[in-house]
Amino acid sequence: MSHSVPQAPGLRRLPFGVPAVIPGRTLSFGLTLFWVTALVVLPLTALATKPFGRGFKVMLHALGDARALHALALSFGCALGAASLCTLLGLLLAWVLERVRPPGWRLLDALVDIPFALPTAVAGITLTSLYAPTGWIGAPLDRLGIKVAFTPLGITLALVFVGLPFVVRTVLPVLRELPRELEEAAETLGARPGQIARRVLLPALAPALATGFGLAFARGVGEYGSVIFIAGNRPMVSEIAPLLIVIRLQEFNYAGASAIGLVMLLAAALCLLAITALRRRLPASLGVRLGGAA
Amino acid sequence: MSVSPPLRRSPMALGLTLLAWLAAVLFLLLPLASLGTEALRKGLGGVLRALADDDALAAIRLSALVVAVCVPVNTVCGLFAAYALTKYDFPFRGLLLVLIELPLSVSPVVAGLVWVLLFGAHGWFGPWLAAHNIAVVFALPGILLATLFVTFPFVARTVMPVMESQGRAPEEAATMLGAGFGSVFLRVTLPEIRWALLSGVLLCAARALGEFGAVSVVSGHIPGQTETVPLHIETLYNGYDTVGAFSLAAVLALCSGAMVASRTLMDWLRGRRSVAR
């Protein structure tokens, strides 16, 4: 199977100076530049320069703060754990949805979109009520001595909820394009299920799994609404980086807020570049249709 | 795509299926059920009373206004951007693409923070705005700007793949036949992308309605004035008005759920399940 993206018909490069055939270039190009400059470039420039406004030392000082370091480590750590769990669960759900098609698979398919449909604040209070020591899941776990709400574990579970659809929706279409004859051939040749998964499925799905992981991770690092209710927000324990930005702003510590914000922006940009590069390795028929983070 | 018969009915496949259902019920269905139960704790009357509250109504009006402003702006600009990026060649096209996608992967809190850095009291334009008595941050303009930022890429990126796969030949042919920009855009390009456009508009509206983090940073949190529905939910929840918070949350979830569901339905009816989000 070819993994290169073919050029769409009619797409070819003309030097910029050559007048375009299709009318409206000045208008559409001008409006786009204005829109991107006003809404993205200008605000992000403000963020990129602000931490250095009072010198490089102030910026490093704001980041060297133990509370800021802990918040950043917590956000990245929880996002990493959640994205890993999402990848496992997402692969399981996608495989069952596409290969087993159990009774009621359409319902299962619809359930996967629930996190996309719930606004983050709604997800936040709902998950908190579910995992609180009095909640449906929280109460039985509490009796076992496991505390979920108001701990890093709660943060991770909230991020699993938000990130899960990204993995399923990235892996599912790739699995659908993958001929199931490959698995059947491996089976007739005597491969055990474990071997089929390791040698046939996983190599073909690796770019899609990595893309889904990247999307879930990028979303998890910056997530705010669905996390702050369940986090408990104790400094140095369960205080995530986005919340610390909000707290620094309330203290009018703009340098501190923007230093953390700049780190998060750089992380987001790196994730985006990695995802864009990975997406090129997805099957060509999906390369154009595949979306990104929501 | 043809619907082929189930690959395997082995015991392992059965086990994995049960595991998948368990995960879906535990992680996805239970939160939804819990949302409904909490909202209906005092019956339907409790929900209606919570919705009829003055501050709740003001929050609903503000959220509607935010959607009414942000969705058209980002739809028109997104359409032009997709058109410019797919129908013409120019340098730094890749950079422009990354800049358009960046708001999607950046933290919502950062999306709010940038406007405070620009227009806040100590921001670049803060002193000038204060001298002219214009409030941006902690007022309606800030809320609109923050929402515009987070909903910025949805239309452009849902429409772009369709425009790209369509190529440039139809537009070039129309131009050769003497059509101007208006007729090319409205009669050649637009009809081809109408479903993707509708899909992008629905995503944009759902996000504008539910945005919390970005708006939270630039809103003054004044009940009845600068609180959108998600922000008012937080205020109610932190004030231990659980029924009120969950009632409003359930209504918000119904609205954005309807948008996401109609998008899925649309894809199903058109026979392909796209994953563009």
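Including glycine, each Cβ sits where the backbone N, Cα and C put it.
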Among ranges A:116-136, A:200-220, whichever one TrEMBL labels transmembrane segment: A:116-136
Within the same chain, the residues 6 or more beyond the ends of the transmembrane segment (A:252-275) and with Cβ under 8 Å of it are 44, 47-48, 50-51, 53-54, 58-59, 62-63, 65, 68, 71-72, 75-76, 211, 214-215, 217-218, 221-222, 241-242, 244-246, 292
Near the transmembrane segment (A:148-168), which same-chain residues lie under 8 Å Cβ to Cβ, leaving out any that are not at least 6 residues past its ends? 74, 77-79, 81-83, 85-87, 89-91, 93-94, 97, 112-116, 120, 123-124, 127-128, 131-133, 135, 137-138, 141, 209, 212-213, 215-217, 219-220, 223, 226-227, 230-232, 234, 237-238, 240, 293
What parts of the chain pack near the transmembrane segment (A:116-136), using Cβ distances under 8 Å and only residues at least 6 beyond its ends? 142, 147-149, 154, 157-158, 161-162, 165, 223-230, 294
